[in-house]
Amino acid sequence: MKVERVELMDALRGFSLIGILIANMLSFQFGSSGVEIIESASGLNKVSYYFVKIFVEGSFYPIFGFVFGYVLIKMIESREASGVKYKNIVFRRAVGLTVLGAMHIALLWEGDVLLMYGSTLFILLLFFLKRNVKTYFVWGFILTSILSVGAFLGNSFMQLIKPLTDTEIMIYQNGTYAEILTQRLGEFIVEGGLSLLFILPIGWLFFVGVSFLAVGPFVLFGMGMAKMGAFLHLENNSRTYKKVALLVPVGLLLKGFIIFDTPYSLFIYSTGTYVLAIGYIALFAWLFSRYQKTMNYYFAPIGKLSLTNYLMQSIICTIIFYGYGFGLFGKLGIFVGILLSVIIYGIQLKASQHYLKRFSLGPVETILRWFIYLKNPRKLD
């Protein structure tokens with residue numbers, strides 16, 4: 001028995017990557033400690049900054065996590081239907097993503113999420129793979145509530161992030177690969193408090209817990225929806241998706257509170273990021289049910305090669321902004337960064353479309369599947 005592949009998930013994953021790129025572009029342009037530079041923007045760049053904060057930031061990673069959880073359950077169902085044990089497969093997937101994430105951080109960029117997803121898989125493997133739908137949703141809401149309440153600490157945390165000095169900016173703009181690597185990892189380890197990772201095993205256990213808290217909620221929601229058999233017959237549920245899509249304006253309204261300086265702004269904003277993510281998923285599903293061919297054309301190719309495209313975004317952007325490339329760090333406005341994100345996505349879309357005419361898996365996906373299944377990935381389909 002072959003478990004049906006849900007086409008919506010490839011397209012939804014591709015959609016999430018354009019939002020992730022736009023949000024990440026701020027960090028590529030100004031660094032993880034460049035908060036002061038960003039918030040001092042004015043005019044069109046100020047408008048662009050709030051566009052990213054309200055329409056994009058914090059609401060696309062949950063979509064990616066949702067797809068991750070959904071596809072995980074479908075993979076398990078497929079293995080079970082074929083009589084194949086799945087726990088070793090999930091374990092090797094967790095190890096593979098963890099290694100890829102660590103390499104991504106060490107070699108390219110500190111804003112990686114693959115390490116967090118790999119860490120989250122270990123917790124899912126131990127506690128959540130064979131649970132009922134209710135358990136997935138209850139724990140998803142518990143973790144989401146913790147994150148929203150934790151937003152009250154946001155102002156205190158932001159004050160711990162030191163703005164970049166002129167010397168540090170010069171390193172990003174003109175430094176060699178080795179100099180920038182030293183600078184990046186210094187920020188990541190010291191300012192991020194992640195030196196705890198080197199106090200094993202406590203540090204790693206702490207990081208795994210934080211990772212699960214950060215990406216776990218929507219991964220669990222995706223797992224629950226997959227268990228329910230959601231999104232298998234889109235045309236039959238089109239009206240439901242349309243109604244849930246009304247959460248989009250609600251989420252935007254809540255996220256808009258970030259403009260106001262009140263003690264509750266970050267809490268309301270944080271809640272809005274998740275409401276908007278749910279609204280985006282429903283809106284995308286509704287549009288997909290009506291315009292499947294068009295949505296597949298613009299989003300599915302990127303989604304099918306999501307791992308390769310995600311890492312390529314880091315390669316492209318670090319070459320554009322860091323000193324070992326064009327050295328444009330801190331020199332382009334936020335609006336230009338948004339335009340650049342769209343251009344990069346468009347190039348990746350065309351490249352993915354041409355690539356998929358010859359191959360079914362991306363290069364990074366192929367390597368990961370070799371490790372996960374210990375056999376030629378092409379023989380799995």
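The backbone N, Cα and C atoms fix where each Cβ goes, and this holds for glycine too.
Listed in TrEMBL for this protein:
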- 12-30: transmembrane segment (TRANSMEM)
- 50-73: transmembrane segment (TRANSMEM)
- 89-107: transmembrane segment (TRANSMEM)
- 113-129: transmembrane segment (TRANSMEM)
- 136-154: transmembrane segment (TRANSMEM)
- 196-223: transmembrane segment (TRANSMEM)
- 226-375: domain 'DUF418' (DOMAIN)
- 244-260: transmembrane segment (TRANSMEM)
- 266-288: transmembrane segment (TRANSMEM)
- 309-326: transmembrane segment (TRANSMEM)
- 332-349: transmembrane segment (TRANSMEM)
Dominant neighbour of the transmembrane segment (89-107) in 12-30, 113-129, 136-154, 309-326, by Cβ pairs under 8 Å: 113-129
Outside the transmembrane segment (50-73), six or more residues from its ends: residues with CB under 8 Å to it: 6, 9, 12-13, 15-20, 22-23, 26, 90, 113, 117, 121, 124, 215-227, 231, 251-252, 255-256, 258-259, 269-270, 273-274, 276-277, 280-281, 303, 306, 334, 338
For the transmembrane segment (136-154), sequence-distant contacts whose Cβ falls under 8 Å of one of its Cβ atoms, 6 or more beyond its ends: 128, 212-214, 216-218, 220-221, 223-224, 227, 263, 266-267, 269-271, 274
